[in-house]
Amino acid sequence: MSSVNQIYDLFPNKHNIQFTDSHSQEHDTSSSLAKNDTDGTISIPGSIDTGILKSIIEEQGWNDAELYRSSIQNQRFFLTDKYTKKKHLTMEDMLSPEEEQIYQEPIQDFQTYNKRVQREYELRERMEEFFRQNTKNDLHILNEDSLNQQYSPLGPADYVLPLDRYSRMKHIASNFFRKKLGIPRKLKRRSHYNPNAEGHTKGNSSILSSTTDVIDNASYRNIAIDENVDITHKEHAIDEINEQGASGSESVVEGGSLLHDIEKVFNRSRATRKYHIQRKLKVRHIQMLSIGACFSVGLFLTSGKAFSIAGPFGTLLGFGLTGSIILATMLSFTELSTLIPVSSGFSGLASRFVEDAFGFALGWTYWISCMLALPAQVSSSTFYLSYYNNVNISKGVTAGFITLFSAFSIVVNLLDVSIMGEIVYVAGISKVIIAILMVFTMIILNAGHGNDIHEGVGFRYWDSSKSVRNLTYGLYRPTFDLADAGEGSKKGISGPKGRFLATASVMLISTFAFSGVEMTFLASGEAINPRKTIPSATKRTFSIVLISYVFLIFSVGINIYSGDPRLLSYFPGISEKRYEAIIKGTGMDWRLRTNCRGGIDYRQISVGTGYSSPWVVALQNFGLCTFASAFNAILIFFTATAGISSLFSCSRTLYAMSVQRKAPPVFEICSKRGVPYVSVIFSSLFSVIAYIAVDQTAIENFDVLANVSSASTSIIWMGLNLSFLRFYYALKQRKDIISRNDSSYPYKSPFQPYLAIYGLVGCSLFVIFMGYPNFIHHFWSTKAFFSAYGGLMFFFISYTAYKVLGTSKIQRLDQLDMDSGRREMDRTDWTEHSQYLGTYRERAKKLVTWLI
């Protein structure tokens with residue numbers, strides 16, 4: 001040990017003690033460890049008694065090296081204290097009562113401390129060598145099957161191992177299929193282990209342990225994807241593990257078992273995969289991927305519900321409050337996904353930091369949400385077509401447009417992810433530019449300028465003193481009236497209670513408009529340098545979305561009357577009354593120009609038409625009929641391109657679930673360019689749901705499915721906050737890894753943990769009160785109830801099923817896996833662009849680049 005620099009030992013980095021490979025002593029140590037006395041004591045040079053080491057191992061219950069390392073990782077002089085205590089133990093001490101005795105060398109000066117560090121290093125080095133030597137000699141660790149085989153009174157031939165819950169369910173299902181198919185039952189033993197083996201070696205024990213103790217089983221897929229590794233070799237190792245696990249299950253039954261055949265097929269399918277997703281997305285790609293999903297039907301169509309129930313200021317306030325809650329959620333989870341940017345997405349991180357069943361339910365709930373969002377985007381594109389009365393929109397034409405819009409999203413998602421990113425970027429930047437232009441357009445029209453010179457509108461529709469007849473202006477609607485059909489909203493709940501309910505309703509409505517901002521986390525597995533990309537993309541995305549929403553809502557809110565019956569109603573049961581009000585012109589006398597006319601198809605009022613968009617209504621108010629028609633066509637483009645983001649999130653969620661062994665492994669299959677085409681194709685099959693828009697009688701049922709999609713998003717946001725809080729408190733207990741205050745910490749979100757608590761409480765309220773109007777007298781609707789709480793029901797069913805059939809449990813904070821994925825990213829070097837002040841032109845260019 002004299003060759004080791006003693007000063008270097010004072011700054012350890014492995015389990016608090018620096019370990020170095022002693023190649024010069026490897027042969028001597030191995031040969032020394034091979035000597036065995038009759039009493040089991042081994043004499044080793046360096047005055048270390050391995051008999052004492054063995055007694056420490058037995059006392060601590062260290063069956064393998066992993067348990068040993070986990071026990072000593074947070075204690076600097078653990079072995080020194082234990083060894084000294086054992087060595088100084090006398091007969092008198094053994095006969096005395098059990099009291100904790102501490103035998104330590106007092107730390108008096110620098111040299112004493114250095115000696116203790118060196119002594120601890122020697123003990124740990126010997127212990128490591130001891131474990132390695134016993135592994136080479138096949139130290140057998142008997143499993144439950146082997147113990148009962150040797151020591152059961154019934155003997156090894158008659159004993160049948162009891163089944164756990166998972167095995168019982170599989171056994172029942174196996175017997176059912178066996179009876180149906182006429183397969184003879186030849187059961188040897190009920191065991192998941194190989195009955196031909198007496199026990200398992202240390203290596204096999206580690207393999208089995210890693211698949212049960214680690215929550216996120218996808219250790220391979222949790223690595224940094226761009227890390228320079230031999231993919232073929234690593235996949236060979238994974239397949240070898242799968243084959244070993246399969247061999248254990250195949251030994252259960254001599255005859256055929258359908259369930260075991262299915263498991264064998266799944267294991268073989270994993271062996272065929274050669275490629276995985278690749279990091280090709282830049283900041284601007286990820287940014288526009290989320291923006292493209294947000295700037296769609298949620299803002300430009302369903303915002304009409306908010307205006308009709310809460311008025312202009314209530315709508316603005318509700319959108320702002322919802323934005324603050326979601327901002328807290330995004331900033332919190334950004335910190336977690338930046339430190340550990342794994343390809344399993346937020347489902348995998350939720351499994352790791354909350355519970356396996358929680359991550360399972362969260363992942364499948366989000367997949368259901370995205371799966372329903374795709375046909376919702378496609379069908380809403382066809383709904384806008386009803387605006388054009390001179391176009392014959394037959395069922396065949398509608399089906400053709402649905403096919404066209406669906407095929408567009410599918411083809412784009414099957415392209416190389418970098419090409420898809422460029423397409424999404426062009427579409428997203430176009431949406432941002434159009435949104436900015438519409439803000440200026442609304443302000444110019446409000447000031448009295450436009451096609452024809454007209455009087456300025458100002459804040460006329462915000463001033464309750466300017467109300468006339470049945471036109472009730474004001475910051476809020478006069479009352480919280482769910483049954484208002486253009487009569488002025490005078491029969492509902494008035495006062496502060498009514499305004500509170502109106503604002504709360506807008507907050508629930510706006511969750512659909514903000515759905516999609518979480519897509520930056522799904523793309524973390526395909527982001528170039530995620531520790532820089534994800535925080536930047538998240539902050540830019542939400543800044544653009546929130547600021548754009550506020551200005552868009554404000555600018556259109558000053559140009560429309562919130563009581564116009566052409567806007568979508570919050571309660572769908574009054575669609576017929578609103579249609580009659582439109583025919584009579586009730587609530588439409590506020591318009592400055594009435595030259596924009598057209599037929600209205602009553603059958604489509606319940607789901608919204610081109611007339612229902614507040615921006616189209618505002619343009620018609622100023623007599624800009626051609627402009628209104630053109631913008632309605634732009635809205636078709638907005639919703640059609642949003643389908644790309646919906647299918648992307650749907651396919652990547654399915655891929656992540658497969659990576660975690662929570663979905664069939666076939667969904668892991670990727671093309672050579674890193675596209676999970678099996679997940680894309682399977683997810684796209686559900687776009688056929690959009691064809692129910694062809695049949696007008698089924699539109700109401702489709703509206704229920706769309707509401708399930710939007711309501712489920714709040715559950716996802718709630719899960720993101722909960723995952724971060726568990727991570728936050730677990731990180732505070734791990735003193736041996738990076739701290740949040742460290743300068744090298746990738747991203748530190750502000751005001752924690754209060755920010756995450758605020759987001760968790762807000763999102764939980766969204767989930768609980770999503771369907772509260774159903775409990776108001778005379779407004780119960782079974783379909784509306786299930787559309788509001790259907791996602792929550794699915795989440796609890798998934799969670800309970802996985803909890804019952806699996807082995808999921810909530811881990812203690814000190815047992816959470818804080819290393820998988822993080823350490824690989826720590827070892828990855830990214831090439832960063834040099835940053836400098838530059839000229840004014842370069843600064844301006846940099847500002848524009850940061851925004852878009």
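Backbone N, Cα and C atoms are what each Cβ position is placed from, and that goes for glycine too.
Predicted, not measured: the structure shown is a model, and the values here were computed from it.
Among the features that Swiss-Prot reports, compositional bias 'Polar residues' is placed at 30-41.
The region 'Disordered' annotation in Swiss-Prot covers 21-41.
Under the heading topological domain 'Cytoplasmic', Swiss-Prot lists 1-285 (among others).
Model confidence over the topological domain 'Extracellular' (307-329) stands at 93, taken as the mean pLDDT rounded to a whole number. If you look up Swiss-Prot, you'll see 307-329 (among others) marked as topological domain 'Extracellular'.
Using a Cβ-Cβ cut-off under 8 Å and counting only residues 6 or more beyond its ends in the same chain, the topological domain 'Cytoplasmic' (351-357) has close neighbours at 215-216, 336, 344, 660, 719, 722-724, 726-727, 730, 799, 802-803, 806-811, 816-817, 820. Summarising the annotation, Swiss-Prot assigns topological domain 'Cytoplasmic' to 351-357 (among others).
Taken from Swiss-Prot, the feature topological domain 'Extracellular' covers 379-400 (among others).
Positions annotated as topological domain 'Extracellular' by Swiss-Prot: 444-500 (among others).
Sequence annotations record features per position, and here Swiss-Prot assigns topological domain 'Cytoplasmic' to 522-540 (among others).
The topological domain 'Extracellular' annotation in Swiss-Prot covers 562-623 (among others), and the record cites sequence analysis as its basis.
Residues 216-218, 221, 266, 269-270, 272-273, 275-278, 289-290, 292-293, 343-345, 347-348, 351, 359-360, 363-364, 366-367, 370-371, 373-374, 377, 409-410, 413, 416-417, 420, 424, 516, 519, 522-523, 525-526, 679-680, 682-684, 687 of the same chain, all 6+ positions outside the topological domain 'Cytoplasmic' (645-673), place their C-beta atoms under 8 angstroms from a C-beta of that stretch. Annotation source Swiss-Prot lists topological domain 'Cytoplasmic' at 645-673 (among others), citing sequence analysis.
According to Swiss-Prot, the topological domain 'Extracellular' annotation covers 695-703 (among others).
Helix, strand and coil content of the topological domain 'Cytoplasmic' (725-755), in residues and according to DSSP, is 11 helix, 0 strand, 20 coil. Per Swiss-Prot, topological domain 'Cytoplasmic' is recorded for 725-755 (among others), and the stated evidence type is sequence analysis.
Here Swiss-Prot flags 777-784 (among others) as topological domain 'Extracellular', drawing on sequence analysis.
Look at Swiss-Prot and you will find 806-852 (among others) tagged as topological domain 'Cytoplasmic'.
What Swiss-Prot records for 286-306 (among others) is transmembrane segment.
What Swiss-Prot lists as transmembrane segment is 330-350 (among others), and the listing cites sequence analysis.
Contact between the transmembrane segment (501-521) and the transmembrane segment (704-724) is supported: at least 3 Cβ pairs lie under 8 Å, counting only residues 6 or more apart in sequence.
The transmembrane segment (704-724) and the transmembrane segment (358-378) are in contact, since at least 3 Cβ pairs between them lie under 8 Å (pairs 6 or more apart in sequence). The transmembrane segment (756-776) makes contact with the transmembrane segment (785-805): 3 or more of their CB pairs lie within 8 A, with pairs spaced 6 or more apart in sequence. Counting Cβ pairs closer than 8 Å to the transmembrane segment (423-443), the top stretch among 330-350, 541-561, 674-694, 785-805 is 541-561.
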